[in-house]
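Engineer: Below are the features listed in TrEMBL for this protein:
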TRANSMEM  12-34  transmembrane segment
TRANSMEM  46-67  transmembrane segment
TRANSMEM  73-94  transmembrane segment
TRANSMEM  137-161  transmembrane segment
TRANSMEM  176-195  transmembrane segment
TRANSMEM  215-236  transmembrane segment
TRANSMEM  256-276  transmembrane segment
Amino acid sequence: SLSAGLDLPGRFLFATLTLMTLIAILVFIEEAVYIYRKIPSSKRSIIIWINAAAPVISTTSCIGMWVPRSTMFTDFTAGIFFAIVIHKFLMMMIKECGGQKLLLRRFENGRFTISTGPCCCCCLCLPRVPITRQTLFWLKLGTFQFAVFRPVLIFLSIVLWTNGNYVLYNLSPKGPALWISCFIGALTLFALWAVGIMFRKVRILLKCKNIIPKFALYQFIVILNHLQTTIINIFATQKIIPCAPPLSATARGSYIAQQLLIMEMFLITVISRVVYRRKYHDLEPLECVAEEPGDKKQTP
């Protein structure tokens, strides 16, 4: 444990970040109780899963901060959890439209715009795809594959790591870390692409459900948990972040990333409570029909 070698400011920082993690957990528990009491059972578990993303990442980061040797396991745990949350977010958008049957009825003659980020935002020549049961299946498969294959790849990484074949920061083409990371990256892009396609179509219809702030929070978690951590780790690997005994450069990089994530996930947990704490029984899908004509007018 690193805590034995901390000075007074370091201990104060650790205590503050740990307190923020505990508050985030308590806020989530209170919100989960509210959701369990107020939200219809068909949406309850999905919304609780999505709200749990920030507190879970904050908790794993806090454990990794106190026990540096556990960083690989805590990062992998957060990665597996968030892979499931991405699929849950897509399912939430479908549920908020009234389910798959009602969504297909609302957008009977509509089309999905697939030239959207993060995969094809520059490919404006791509055709618009009709909204059918089959295209919805492919979108759900796009996020579901990530929820299935990422845990499998992470389990393979841990097996190789225990055998000494997997070194987290060794991105040599001869090592498995580079190839596993690239494969996970490709799966991540496809999953985010599926969510982006769905959001682009339903954002006007679900404006009354606060879908835009919810999507923004989800995007912040993606960027902070993946992009920010990756950039910091690259800086540490290239020695841009210097070592500070007893921490090596890579250990210090993960240490900085964990501290930033705790503060950021704390803020997202508090904001999520405000965004998701709505009287959903007053916002049933049938009351959003007034939004539908405006959406259809924009659909050529």
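Placed from the backbone N, Cα and C atoms, the Cβ positions cover glycine too.
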Engineer: Could you check whether the transmembrane segment (73-94) and the transmembrane segment (215-236) come into contact, where contact means at least 3 Cβ pairs under 8 Å with the two residues of each pair 6 or more apart in sequence?
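Structural biologist: Stretch pair touches.
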Engineer: Does the transmembrane segment (256-276) come near the transmembrane segment (12-34), with 3+ Cβ pairs under 8 Å (pairs 6 or more apart)?
Structural biologist: yes
Engineer: Honestly, do the transmembrane segment (137-161) and the transmembrane segment (46-67) touch, with at least three Cβ pairs under 8 Å and pairs 6 or more apart in sequence?
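Structural biologist: No, these stretches are not in contact.
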Engineer: Same-chain Cβ contacts of the transmembrane segment (46-67) under 8 Å, 6 or more residues past its ends?
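Structural biologist: Distant Cβ neighbours of the transmembrane segment (46-67) are 1-3, 14, 17-18, 20-21, 24-25, 27-28, 31-32, 35-36, 39, 74-75, 77-78, 81-82, 84-85, 88-89, 91-92, 95, 214, 218, 221, 225, 254-255, 257-259, 261-262, 265-266, 268-269, 272-273, 276.
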